[in-house]
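According to Swiss-Prot, the feature active site, proton donor maps to 557. What Swiss-Prot lists as divalent metal cation 1 binding site is 561, 597, 598, 718. According to Swiss-Prot, the feature divalent metal cation 2 binding site maps to 598, an assignment based on similarity to another entry. The compositional bias 'Basic and acidic residues' annotation in Swiss-Prot covers 823-833. According to Swiss-Prot, the feature domain 'PDEase' maps to 481-814. Residues or ranges marked as S-geranylgeranyl cysteine in Swiss-Prot: 853. According to Swiss-Prot, the region 'Disordered' annotation covers 823-842.
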């Protein structure tokens, strides 16, 4: 039985529930698409309303996207693309809310999203953002009012701005926009443009818009809260670590900044930052004021800090994080230095404002360098600059941060984080005065060292006195081959026999200082170390000449004494046969230590340095002068043109420096008494070996024992003047005494103290007695034990004993004269007393009593 069309229509009208159920089931989009026959699914938006199943499927897909994707832009992009389809809008856009410099703004993040768009085409890169202040455009109005806006005709809307249309060439007719809120705070604004199938967006569109944006709001809230959490975490870490490093270094501002910045660099989220330190001087020097007062110069009219100081950056510290990390310190930077040339740091120092510039290329107030700053191709894109303020509210510097790592401009959270860091830096800069003083002292020290090196170093003319290459070869030593220099030196040097450098009785009294330099060079050739260790011969000559100039022209501790000690060391090693225990490298170091052991001696001892509060005493706690001599020697060796160790490998170099440390410090007589017993045990131990060869093999491998022997050798060398022939020793002793008396004069006049007898000029006649005491108390043990250790050294001990006899004879002679003078004085006193008694008798006084007779 068939029903007519009217009957079916009547049935459906009478049964609305059945009608809804039937059409909801049979007229789904899939059935309609299948009925179309072309195989293309029908767009859901072709229906005015979605069925509940399809709507649920769409919402489930959105939730699934949110769950699977952590990228906010990707999820919101899918939502906007679906909204375009459902609302039949031409396109949708996402504007992110942010604050810079305390001013709120909206910036495009997803722009012109259409149903067929790709994410890469719609995602706006940071350098292409369109930024709307809140007082411009419908999007700004929505952010201000925090309410949805449906503009049916933009020509009738007072808030509409054609700014974006003019940039893109697009024509906007109607707008549907709503804010995304996190509590009372605006996070973003989403906007749909131009209804395609109608004159404007309807109230039904608004409902659908809000329904789908609930998911977008959730996603944006998660993103916003995650960002805030990340910012607070970074801020907490910056506060923690910067505080830790700031209070770890309280004197050196560069180390403070380096430690603080280096430690927190990962939390600052920028490519580069620089800190400009301001000059805190408030009063000018007189020579700067005079031209102004005389009318010859205009008074300063440039910018000033809020407290009236002229803005002068005395130092810029530039910290580089992109590419290879580096830190650069620029003292007294020029005005055209890239960190200052834009004028932004000066403006911040003048105003005290925080400046956040999102696009430096388009900024009209400041002129930043447009091209790359260095070879890496790094270019300034956005900048955040803020003042560093101390507790007195004085601006002491400006911190400027460049290029946020993700390419976006710095926002309010970045400002808060950077400001937290600069607050700590502001407190740390309270120590700039201390740092400045330390820096100046360091600079003065460098200048002083350079001056010393200039006056001590052998110059081009002086080297010709020993290496006459101009006269013989017609060129400078640097242009000569080593063989040529070797032949020339062989002709110039005196040889080993002319001045008896192998003998213990060597005397420098007949030698000039230049001849002693030549003898010093000769000793290195005799040891065979010049060729073995590839010492450049020009360097060797310069070193010996410079060492001789490094000794001051004082009475005893001068270059002659320095050479005598080195010559005695050379003689102990060779003639005394002690070289059998040491390698060539060690002998090389020991002779060099002898040459340098008293360099730059001041003619006063360690005790005087402490009494006079000499800076050396503050620098070195013990063995004051010895450590200074060591440092001076190392200072000369650090100069490339004087470094005779330059061709040693690392291990060899460390070894010779170690031996020099021990040898030179060992010349402190205060340490001599500590090592006497140890040396005596080594000498006694040597007597237990019947075979000399076995003993040599044993001691050669005993590093500690060798060092003790070497230390005692240095003492023997330092005191060797006491073992010279009497005619030499007597003259040298007077030189030593004269230097002691000079120190005694200083103690009496400068320190207002009474010197000890040895240094008292008024007791010069007691010198022989003092010499005998010195020989008995200090010298005898050294040379007696060395003569037991090696019989080849016996001549030194014999001459010591002979010199003692001479001094003893003089001392006895002096004692006899002194005794005779005392007896004569006593007799004179007796005669005076007797004469006085006789005068009293003549004047009627009582007669003296007699033991043999009585006067009646």
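Heads up, the Cβ atoms here are built off N, Cα and C, so glycines get one too.
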Please give the sequence-distant neighbours of the compositional bias 'Basic and acidic residues' (823-833): residues at least 6 beyond its ends with Cβ less than 8 Å from one of its Cβ atoms. none
Listed binding-site residues (598, 718), ranked by Cβ neighbours within 10 Å, top entry: 598
With every protein chain in view, what's the tally of Cβ atoms within 10 Å of the Cβ of residue 597 (divalent metal cation 1 binding site), excluding that atom itself? 27
Cα-Cα, residue 597 (divalent metal cation 1 binding site) versus residue 557 (active site, proton donor), nearest Å, comes out at 10
Across the whole of the domain 'PDEase' (481-814), what does the mean pLDDT come to? Round it, please. 94
Do me a favour and check the Cα-Cα span between residue 598 (divalent metal cation 1 binding site) and residue 557 (active site, proton donor); whole Å is fine. 7
Using DSSP, what is the helix/strand/coil residue split across the compositional bias 'Basic and acidic residues' (823-833)? 11 helix, 0 strand, 0 coil
Taking only the CA atoms, the spacing between residue 718 (divalent metal cation 1 binding site) and residue 557 (active site, proton donor), expressed in whole angstrom, is 10
Using an 8 Å cut-off from the Cβ centroid of 561, 597, 598, 718, can you name the remaining same-chain residues around the divalent metal cation 1 site, in sequence order? 557, 562, 564, 565, 594, 601, 629, 667, 717
Helix, strand or coil at residue 557 (active site, proton donor), per DSSP? coil
May I ask you to report the DSSP-based helix, strand or coil state of residue 598 (divalent metal cation 1 binding site)? coil
